[in-house]
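Can you keep this structure in mind? I'll have questions shortly.
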Amino acid sequence: MPSLFCLPFMAPVFCLLLAFFMIASGNAQGPPSPGYSPSSRISSVTFNQGFRNLWGPQHQRVDQGSLTIWLDKTSGSGFKSLEPYQSGYFGAAMKLQPGYTAGVITSLYLSNNEDHPGNHDEIDIEFLGTTPDKPYTLQTNVYIRGTGDGNLIGREMKFHLWFDPTKDYHNYAILWTPSEIIFLVDDVPIRRYTRKSDATFPTRPMWVYGSVWDASSWATENGRYKADYSYQPFVGRYTNFKISGCTANSPASCRPPSASPSGSGSLSRQQVSAMNWVQRNYLVYDYCHDPKRDHTQTPEC
């Protein structure tokens, strides 16, 4: 079975046809079980126990610990954790808006951009809005020490999903340890970014953020489709927040949660198998395989 791996020079229609071919061929049943659920070891918190509004308070509603934020032509909205962290598990169940959402980003991410403007670190889960005939794209990204502030050295890996993220809530998470970053969807690892050097890995404390905002200049097919406010409001829903880790003030002995049942931090063979399945079937962009990129700037590739 060919993988859904769309390099920049491939026509979008080819990628779409390949997606339909995969679904028709029975690849839409979901990944094999990873055999372990890191989220099951972490208690949920309500929004107010872990977060506060950062901007757009008039576009935010909290109900029984769950959060709804929305974007219209006047504003979007964002939130921020109550504490900064130096490692940990950070997740939430999210439900996305159906229909025309081009240009709109719905996100959950770690950043220290307020502490280090122009020189910040970031770990992203971003849903790139779309047109009704195409699936959402889940973009994962890692920035280190300002490489997103002007040099634009992103480390993007983009995925389609094996389900419709607008139909129900699904759990999305970032597990950041001193040695690796693991991105998870419903406890299935989809990407592992390992620490190969201090220069290519974020080590400074970060806060947890989420937002919905207008990124029309780049979000959907490199800006081809813009946000259309005749479809407003664009709504993002979050619940089942999970935060567990080492705050910026934790002692050096603090250890973040483990990704695997062994407690060693590295993924089990079964988890790696599930991750490989996702990357074979639903990975649509990998910066390391982009011939237009200058890979001297991304030595980890």
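Heads up, the Cβ atoms here are built off N, Cα and C, so glycines get one too.
Automatic prediction, not curation, is the source of TrEMBL annotations.
Look at TrEMBL and you will find 1-28 tagged as signal peptide. The feature domain 'GH16' is assigned by TrEMBL to 26-238. Feature annotation from TrEMBL assigns active site, nucleophile to Glu122. Residues or ranges marked as active site, proton donor by TrEMBL: Glu126.
Could you give the neighbours, burial and distances for every feature on this list?
Mean predicted confidence for the domain 'GH16' (26-238): the pLDDT average there is 94.
Taking Cβ-Cβ distances under 8 Å and a sequence gap of 6 or more within the same chain, the neighbours of Glu126 (active site, proton donor) are Ile105, Thr106, Ser107, Tyr109, Leu138, Gln139, Thr140, Asn141.
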With every protein chain in view, what's the tally of Cβ atoms within 10 Å of the Cβ of Glu122 (active site, nucleophile), excluding that atom itself?
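By my count, 21.
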